[in-house]
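Working notes, structure below.
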Amino acid sequence: MNPNQFTENTISAINLAVDISKGNMQQSIKPEALALGLLMQNNGLIPRVIEKMGLNLQYIISELEKEMNNYPKVEVKVSNENISLDQKTNSILNRAEKIMNEMEDSFLSVEHIFKAMIEEMPIFKRFGISLEKYMEVLMNIRGNRKVDNQNPEATYEVLEKYAKDLVELAREGKIDPIIGRDSEIRRAIQIISRRTKNDPILIGEPGVGKTAIVEGLAQRILNGDVPESLKNKKIFSLDMGALVAGAKYKGEFEERMKGVLKEVEESNGNIILFIDEIHTIVGAGKGEGSLDAGNMLKPMLARGELRVIGATTIDEYRKYIEKDPALERRFQTILVNEPNVDDTISILRGLKDKFETYHGVRITDTAIVEAATLSQRYISDRKLPDKAIDLIDEAAAMIRTEIDSMPEELDQLTRKALQLEIEIKALEKETDDASKERLKVIEKELAELNEEKKVLTSKWELEKEDISKIKNIKREIENVKLEMEKAEREYDLTKLSELKYGKLATLEKELQEQQNKVDKDGKENSLLKQEVTADEIADIVSRWTGIPVSKLTETKKEKMLHLEDHIKERVKGQDEAIKSVADTMLRSVAGLKDPNRPMGSFIFLGPTGVGKTYLAKTLAYNLFDSEDNVVRIDMSEYMDKFSVTRLIGAPPGYVGYEEGGQLTEAIRTKPYSVILFDEIEKAHPDVFNVLLQVLDDGRLTDGQGRIVDFKNTLIIMTSNIGSHFILEDPNLSEDTREKVADELKARFKPEFLNRIDEIITFKALDLPAIKEIVKLSLKDLENKLKPKHITLEFSDKMVDYLANNAYDPHYGARPLRRYIQREIETSLAKKILANEVHEKSNVLIDLDNNHIVFKEV
């Protein structure tokens, strides 16, 4: 008996037997300890054989442990030095060596030892383990392979370990129904039916349904809807991760891969191997001086001994497979295109039953149509049908979560009851009459509340129970349909008619009755919602993208109708500009904008300080209740020709390639924004070439080749071009407008200006507008003082004084802000610090002999 001839699992079993003996305080390794060592191996061969024989592994282990306890124990601690093999155990190992030679194996494996044990140990007959049955199961697992290395188990039933049988999964109903894709499946069948190079590879963008095509082929094989050459074939989906995982020693991965390929080869063409993400085979398992999986496949692929279906994305095909021409020419490509919206709707209708059964909710057809159309319109960085399926799944999960959670009304009652209970505990400690009276009132209120809570809880439980019944009936219907499919395949017409006209008809009637009951109860103030509608889909799209696609509420409609008035409250003296912008937003919100262009694009022209940038910020505030959704790009930073890369990201090979562009990254994260290009005349003219496709098609390709969607943005550009003409003519006559337009045309190319929706000229601010701005500025100052509870009042004289002194037509409203800071805010700050103006006081700001004075009133 040569220990060098032991396989890894044999050594592991003996070591386990040593530990069991030491734990049992026995100085010799009994045959039962060795048997336990074999049976307790994780993922070992012997536990697998026992399970395939239909025996209870845990029962055998417990019986052997009882036998172990019958042997004498020693009092001293047992160490590795003073432990030895029992005479009978030694005899079993010698017999195992003879069995190894009889089976023409090179190494002593666990199956040899277990066979020797069955022959030598009568206890196994008690468990119902016969030699004939053992050898039959062993040969089914082992086949005609010989033990010619120290890890032979790696080559036994490798497909069962490292792959899944898709045809079997389809038989069990674990694969979703595949709708459409007939031309791709037919082409795959044609390629597989070839004599040589019969290996199709499906290439397409992530999420277009490459894996689904192979699952569809598996379903067709199951239904017999394939040519004779493919009937009764099996498709095994190989798990490359499991194949590589745990391959510690050099050559172990190759051994597993060889086992897979040999098993496929020995099936005589009955097994088709499906490798999802096939680019992972290039370089998989490669180490110094060893082959990768791709090179191991090549010879068999070329000879047609191996039928492989691969699936990978276009980018990864180009990056990995095309770089290896010898591997590429062995595959025949099938391009899988993204389905259109109509095809996606058909796919979703086919999957509807599966999702309804899983989540226990009802999915309306409007939700399905909305999922396909909204995902196509708003989720641009993913592909159909995957993104639409995800929308339906998440919306159904949201409704299911709401069903399982406590309804809001009941939750409020529970919280209120808890609050009253706390109050009762506190009042019980009081002894005065008022507290006792209050205690009685609260106890009565709590009793009423608990009664109401009890009624609502009962109603909630009943509604949940009804919905749960529907879910269970749907699950039963699904199981009956699976049985019907099986009966149809086996041509068992008696069973098929029994199921179809008996069990299925009864269940469908039961489902209809239960559904009608839930619908009837639902009309009477139901606590739970059990339907996925278009509103839920719109809600999920809004959460994913930040774009408000849900139906407009009455308050939002009201807000949009009065958008012009709301903006005028903050922006003074530019009524024409405000009207143009507000009208554009109204058209967009009502759904009348061009769906392939931004919501609107404007150039604001005018002198400095007239409110061009402020209007953009105010618009964002009114649309989003925050100025954070303004993406501001200061064009003075783009004075060089090459600085355009900062907008869209550096090209490959340049520093900053991975970081993306300032504009594209901002819109990818916030696709619903106001984009403000400030001071556009300061930028290099070539920078605007990149904006042409944004203004025309509402899209821009960044430095990494990703398409960024600008269809939900409002683009505003500001400029001081022609401001000297505007200052000379405050009333903006037609002649002045033409002069400004001519100067603009001289600066920018016609193809750029032609794509702008509207060019708006801002007037220079007149004195009445400045007075309104003074009032707004003083109101802002009052808001700053709110934490100190100081209110401000100011006289009309004061407003006129500030307007006349701070106004400069060349500089607009900006000098006004500086003047208020200098003359009012500084003086007021000094008075607050000197305690001349106190908290919770009312301060009048007035004028006295052309001096600003502060009085507490």
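Numbers here mean position along the shown chain, with the first residue as 1.
The backbone N, Cα and C atoms fix where each Cβ goes, and this holds for glycine too.
Quick look at what Swiss-Prot lists:
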{"type": "DOMAIN", "residues": "3-144", "note": "domain 'Clp R'"}
{"type": "REGION", "residues": "6-71", "note": "region 'Repeat 1'"}
{"type": "REGION", "residues": "157-338", "note": "region 'NBD1'"}
{"type": "BINDING", "residues": "Gly204, Glu205, Pro206, Gly207, Val208, Gly209, Lys210, Thr211", "note": "ATP 1 binding site"}
{"type": "REGION", "residues": "339-546", "note": "region 'Linker'"}
{"type": "REGION", "residues": "556-764", "note": "region 'NBD2'"}
{"type": "BINDING", "residues": "Gly606, Pro607, Thr608, Gly609, Val610, Gly611, Lys612, Thr613", "note": "ATP 2 binding site"}
{"type": "REGION", "residues": "765-857", "note": "region 'C-terminal'"}
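Sequence features annotated in Swiss-Prot and their locations in the structure.
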residue : record             : DSSP class
Glu205  : ATP 1 binding site : coil
Lys210  : ATP 1 binding site : helix
Gly606  : ATP 2 binding site : coil
Gly611  : ATP 2 binding site : coil
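Residues of the domain 'Clp R' (3-144) grouped by DSSP class, helix first, strand second and coil last, total 92 helix, 6 strand, 44 coil. Same-chain residues that are not part of Gly606, Pro607, Thr608, Gly609, Val610, Gly611, Lys612, Thr613 yet have a Cβ within 8 Å of the Cβ center of the ATP 2 site turn out to be Phe604, Tyr614, Thr718, Asn720, Phe762, Gly812, Ala813. Within 8 Å of the Cβ centroid of the ATP 1 site, not counting the listed residues Gly204, Glu205, Pro206, Gly207, Val208, Gly209, Lys210, Thr211, the chain contributes Thr313, Val336, Glu338, Lys383, Asp386. Residue density at Thr613 (ATP 2 binding site): 18 other Cβ atoms are found within 10 A of its Cβ, drawing on all protein chains shown. By neighbour count, meaning other C-beta atoms within 10 Å, the densest spot among the binding-site residues Pro206, Gly609, Gly611 is Gly611. Non-local neighbourhood of Gly606 (ATP 2 binding site): Lys612, Asn720, Ser723, Ile726, Thr761, Phe762, Lys763, Ala764, each in the same chain, at least six residues away, with C-beta under 8 Å from its C-beta. Counting every protein chain shown, the number of other Cβ atoms lying within 10 Å of the Cβ of Gly209 (ATP 1 binding site) is 28. Of all the binding-site residues listed here (Pro607, Thr608, Gly611, Thr613), Thr613 has the Cα closest to the Cα of Pro206 (ATP 1 binding site). The two recorded residues Thr613 (ATP 2 binding site) and Glu205 (ATP 1 binding site) have their Cα atoms spaced 41 Å from each other. The shortest Cα-Cα distance from Gly207 (ATP 1 binding site) to any of the binding-site residues (Pro607, Thr608, Gly609, Val610, Gly611) is found for Gly611. Between the C-alpha atoms of Gly609 (ATP 2 binding site) and Glu205 (ATP 1 binding site), the distance comes to 50 Å.
Neighbour density around each Cβ, counted as other Cβ atoms within 10 Å, peaks among the binding-site residues Lys210, Lys612 at Lys612. Around Pro607 (ATP 2 binding site), taking its Cβ as the centre, 21 other Cβ atoms fall within 10 Å, counting all chains. Considering only the binding-site residues Val208, Val610, the Cβ with the fewest other Cβ atoms within 10 Å is that of Val208. Distance from the CA of Gly611 (ATP 2 binding site) to the CA of Gly204 (ATP 1 binding site) is 50 Å.
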